[in-house]
Amino acid sequence: MTLTFPHFLAATFLVVVLLNFAALASSSGHDYSDALSKAILFFEGQRSGFLPKDQRQSWRANSGLSDGWTYNTDLTGGYYDAGDNVKFGFPMAFTTTMLAWSVIEFGDSMPPGELRNALVAIRWATDYMLKTVAQPNRIFVQVGDPNADHNCWERPEDMDTIRTVYAVDAPNSASEVAGETAAALSAASMAFKSSDPGYSDTLLKNAMKAFEFADTYRGAYSDNPNIRGGACPFYCDFDGYQDELLWGAAWLRRATQEGSFLDYITNNAKTLGAEESINEFGWDNKHAGLNVLVSKEVLENNMYDLQSYKLSADSFMCTLIPESSSSHIEYTPGGLIYKPGGSNLQHVTSITFLLMVYANYLDKTSQTLNCGNINVSPSWLRQQAKKQVDYVLGDNPMGLSYMVGYGDRYPQRIHHRGSSLPSINDHPQFIACKEGSVYFNSSGSNPNVLVGALVGGPGNDDVYMDDRADFKKSEPTTYINAPFVGVLAYFVANPNP
């Protein structure tokens with residue numbers, strides 16, 4: 001076949017890209033310490049409420065200061081989930097669990113200053129979450145009307161959309177939000193146990209209270225008519241609430257070592273679906289993370305009544321291994337874990353985190369992973385995780401870091417209101433709901449660099465177009481970053497596993 005000139009150019013471009021990718025992959029040398037610092041710093045750009053004097057993302061300012069007034073309560077603080085100005089309790093709680101789990105498993109690998117920053121990031125969420133469970137028989141699950149918010153392109157500091165407060169009162173159900181809140185507060189209580197034992201105790205007491213609500217009034221929060229219009233389709237409960245009950249109980253077991261929680265995860269494994277082979281882990285589906293978490297009890301304490309959890313964890317890990325006969329996960333041509341649906345890096349970071357945690361559990365007990373036709377060592381799991389990390393940081397066919405502010409080339413036009421609009425320092429005048437559209441539609445780079453933000457990432461063809469309107473690829477979220485904090489911490493201390 002004779003190549004026409006356009007075909008020749010395309011072929012030449014592909015060869016150059018692949019050669020560039022090969023060169024990058026062979027000379028990794030990433031600054032994991034810098035990446036860790038920036039991954040944690042990102043959370044300061046997502047803060048709601050009164051910002052402290054040591055706020056480092058200095059283009060941000062106070063916002064959401066009247067949150068909760070319709071209930072005559074203080075619901076200031078917490079995090080905006082992504083590029084909008086809504087506080088969704090379900091993903092915020094999962095983000096907090098993952099930040100705390102990062103500190104629990106990998107805090108010893110963090111430089112002291114970054115461990116402190118990670119704890120500050122956790123506390124910004126947990127201080128808010130304590131407010132959400134402060135009233136008897138009630139949990140606040142969300143602040144802000146997402147439909148009104150998404151109709152505007154506004155800085156959080158200018159926000160004049162309705163700040164609807166979504167509350168669930170007993171006997172109505174909110175098992176997945178309350179269960180995840182219990183998990184987050186339990187994990188955070190462990191993270192703070194040595195540095196602030198009083199705060200740790202407060203977190204644990206409230207975790208138990210949240211779990212009691214979740215378990216007593218079983219059901220999905222998004223099944224409530226007064227909640228559904230705000231939670232859906234954004235953070236609807238698509239996968240059931242049962243996994244959050246087991247997840248919350250498992251974290252309470254880990255934090256308290258109480259037999260009652262051990263009995264709960266043992267006796268309810270079958271009825272709540274723990275034995276189902278579900279290879280997912282994220283803000284809505286906790287199964288794979290639950291199985292890895294509980295496997296620690298089997299591996300280290302010989303709790304064979306929990307063996308079904310470990311078998312499921314093993315099965316999940318084997319699906320990630322291309323050489324395994326049970327492998328069925330999809331990878332892009334450049335080697336990135338890929339799941340359809342958008343915001344793919346949420347899957348990459350959460351799965352990579354589980355690879356690292358399971359490797360630690362196996363390593364500590366001198367065990368390997370049996371995947372039928374092959375045995376897999378902990379170091380192999382870590383090497384697989386490192387490939388994902390290095391891809392995200394720039395070793396990919398685009399030669400692009402998917403962490404904003406890391407490396408020489410990174411996304412410039414992320415889908416994020418505060419980042420894309422001029423800061424109030426540079427433009428103190430109010431920018432109304434629709435007046436921000438000119439900035440949304442601009443082809444220019446965002447004026448405020450949201451340092452550390454991980455975007456949704458490339459498609460299954462490894463292509464990323466840096467388009468602000470393509471939110472599935474260009475929007476950062478807190479739950480993409482949170483698991484990456486722990487993974488990066490490990491590689492700071494162990495750059496060559």
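Heads up, the Cβ atoms here are built off N, Cα and C, so glycines get one too.
Annotated features, as they stand in TrEMBL:
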type     : residues : note
SIGNAL   : 1-27     : signal peptide
DOMAIN   : 32-488   : domain 'Glycoside hydrolase family 9'
ACT_SITE : His415   : active site
ACT_SITE : Asp466   : active site
ACT_SITE : Glu475   : active site
Return the count of C-beta atoms lying within 10 angstroms of the C-beta of Glu475 (active site), excluding that atom itself.
21
If you count Cβ atoms within 10 Å of the Cβ of Asp466 (active site), leaving out that atom itself, what do you get?
17
Test of understanding: give the count of other CB atoms lying within 10 angstroms of the CB of His415 (active site).
24
In the predicted model, what is the mean pLDDT computed over the domain 'Glycoside hydrolase family 9' (32-488)?
96
Please report the Cα separation of His415 (active site) and Glu475 (active site) in Å, rounded to an integer.
5
Taking only the Cα atoms, work out how far Glu475 (active site) lies from Asp466 (active site), in Å, as a whole number.
10
